[in-house]
């Protein structure tokens with residue numbers, strides 16, 4: 001029977017019949033007689049490509065949840081998300097209204113937005129239109145799915161909705177299928193996800209009993225055996241125009257967006273390895289099949305009317321999407337006005353609004369620089385860099401990507417726990433493991449073997465304790481005998497100490513080995529080491545001007561009982577501490593053979609130059625040095641002096657941010673540090689630090705462009721000197737790697753703030769970890785939650801993050817920047833479609849890039865008083 005005939009029946013309110021093509025009795029036959037396979041595959045693949053990946057908890061990095069949608073303008077995506085899934089992309093109007101009424105958004109900001117947005121000018125939108133819109137809630141209709149319109153029985157208010165029930169069932173199935181750590185029984189992984197779900201639901205009809213569907217078991221017998229048959233079966237039954245298939249399928253995936261994002265991550269990792277992965281297609285088939293199962297089970301007049309209504313709504317989807325996009329224009333104007341207020345302040349701090357701009361002189365002449373300190377570009381580094389520079393002007397601070405150019409994976413001593421230490425966009429190509437040696441190189445293989453044996457022995461006991469605490473019959477006597485470490489950790493959570501950060505990579509090592517366990521590159525020859533070192537020094541901009549002491553400062557956070565702890569660590573290191581990277585790089589650059597290779601490549605490292613690895617604890621703003629026992633006396637003296645400077649600078653930064661964490665900045669320095677440590681070690685503390693909340697801008701240029709400016713920990717800072725980059729290759733790297741990482745961070749915070757219900761992970765207090773590391777449930781049901789928790793964004797009284805799109809400011813000729821844009825579609829989409837703002841330093845002031853041209857910033861003055869439009 002043709003699709004047209006099925007649609008005509010639906011319009012008359014008739015249900016599909018058992019012998020219709022694709023209906024229950026013969027799904028395989030329906031697949032053969034239905035739509036061409038390539039058209040089904042194209043629609044399913046398009047829907048799956050719309051889902052951005054979500055990394056597991058132990059490698060948590062920030063991701064723009066709309067990353068796979070950047071090929072369309074941001075307002076179009078805002079309309080699609082609203083209509084397909086009730087997801088908000090722009091800031092809620094109540095937040096904008098509050099910012100307007102408090103003068104956070106000034107009239108000049110609104111005027112600027114109306115002038116800068118061509119669509120607003122074309123529509124003749126006025127300030128009054130925009131202000132009036134703030135009094136009206138934005139209610140955009142969502143296109144219905146089968147599970148929504150079939151939820152119409154008289155008892156629907158006394159039970160879960162079908163959307164909730166199906167999400168729960170699919171979610172629990174995924175949790176069981178993907179579990180690797182928590183469960184003592186695991187499914188066989190020779191089954192596909194679809195096959196596992198089909199087998200599970202065929203034997204467990206509990207959802208039918210709970211939801212009042214006694215016919216579910218009968219309908220399940222018609223469930224197709226394979227994912228491919230299920231896709232065809234559902235699309236035949238739906239009878240929707242092919243043009244709307246991708247949108248309908250995307251809307252279906254968005255009902256289980258958390259698990260879809262996990263499956264997208266598995267696909268991302270497979271592609272990095274040159275392989276393929278089908279989990280996301282399986283998940284789509286599962287979720288699609290549920291709609292048809294429900295339709296079969298509710299085969300009555302009401303169900304037939306509901307089915308016809310779905311078809312009608314989706315035939316009109318293009319008009320609905322266009323209307324939503326038009327209605328969201330005012331919200332796009334307010335988004336830009338919100339950003340303009342911050343941008344004007346930023347431009348003023350950089351001294352570039354309406355003033356002639358030339359490259360400023362360095363704060364300290366090169367010959368007077370005694371120390372170079374390279375920090376991660378992370379916004380939390382900015383206050384510390386500023387403080388260090390103010391205390392000791394002979395220190396030159398540098399911003400560089402936090403993985404320090406090392407494409408490595410790290411395997412701790414005596415473990416198989418290999419982990420990436422580089423951005424999620426990349427795959428590791430080098431390996432790091434631990435060497436064990438004293439200051440004079442003593443120990444070698446013998447000491448390493450002894451340390452490995454001791455660690456494995458301790459791990460064996462720890463694993464027994466871990467297993468005991470997971471089993472229902474756990475005996476306190478066993479925990480008492482073998483799990484004292486666990487009880488100690490629990491006791492510390494309940495009564496937090498004021499101890500400094502513990503290095504987890506040393507867990508299980510006896511104390512005598514901890515000081516001499518050092519990460520090192522393996523499997524790489526001297527020539528490759530020299531090539532790697534040369535690229536990194538050129539990237540940092542110090543290949544021609546090395547100070548006597550060069551400190552490489554990674555960063556890490558400190559928290560207890562925090563499932564999302566990795567999200568506070570270094571995103572460029574894939575949610576890990578930057579310790580491994582800086583220690584390996586310092587060792588590499590101090591190596592005699594590497595320096596000889598650098599000399600052959602035209603880079604002379606002075607004999608008295610020493611590289612030291614350090615770590616910035618972003619929770620307590622403490623600095624820790626590594627491998628300082630290897631320093632010669634002169635370098636050790638320089639390090640001691642710098643460590644004192646770091647101590648004063650850290651105290652300054654702690655006072656600067658004390659108010660944000662509810663502490664008194666006037667507190668005595670030791671007490672303030674102790675209070676921050678206590679918060680960090682408190683297992684009940686849901687806000688150990690604010691992470692990257694507030695991030696809003698990225699400056700790519702020499703430090704002289706921002707030196708002395710108080711940027712409030714809101715700016716990523718990456719050093720770059722275009723005069724030393726004659727072919728533009730370094731600029732291209734910066735715009736296609738660090739800029740994308742910063743954009744991912746910025747949009748994760750943006751999305752989690754604008755729509756915490758859909759794009760955030762909810763309340764930390766209610767989190768339950770899924771699969772040991774996959775993600776979290778809020779409570780014990782519902783979809784896998786992705787994004788940031790409410791406590792990461794809100795202090796209980798107000799939002800600590802403003803959802804502003806990233807403003808990228810580059811110090812480079814316009815032609816050089818445009819060449820990168822033209823060569824990279826991803827970069828072009830981000831800029832042309834409004835996912836970030838692009839500025840550059842010009843000869844007479846800042847310029848903004850819009851409509852493929854550079855325009856003067858022309859943001860106007862910020863009036864002292866509000867004028868009614």
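Even glycines carry a Cβ here, placed using N, Cα and C.
Values in this document were obtained by computation on a predicted structure and should not be read as measured data.
Swiss-Prot lists 376, 378, 555 as Zn(2+)-binding residues, and of the candidates 570, 573 the one it assigns to that same site is 570.
Checking Swiss-Prot for region 'Disordered' across the ranges 1-32, 33-64 points to 1-32.
Neighbours of the Zn(2+) site: apart from 376, 378, 555, 570, residues of the same chain with C-beta atoms within 8 angstroms of the site's C-beta centroid are 375, 377, 380, 381, 402, 554, 556, 569, 571, 572, 573, 578, 616, 618. Neighbour density for residue 555 (Zn(2+) binding site): within 10 A of its CB lie 27 other CB atoms from the protein chains shown. Here the Cβ of residue 570 (Zn(2+) binding site) has 29 other Cβ atoms within 10 Å, regardless of which shown protein chain they belong to. Sequence-distant neighbours of residue 378 (Zn(2+) binding site) (same chain, 6+ apart, CB under 8 A from its CB) are 402, 555, 570, 571, 618, 692, 716. Residue 376 (Zn(2+) binding site) counts 29 other C-beta atoms within 10 Å of its own C-beta, drawing on all protein chains shown.
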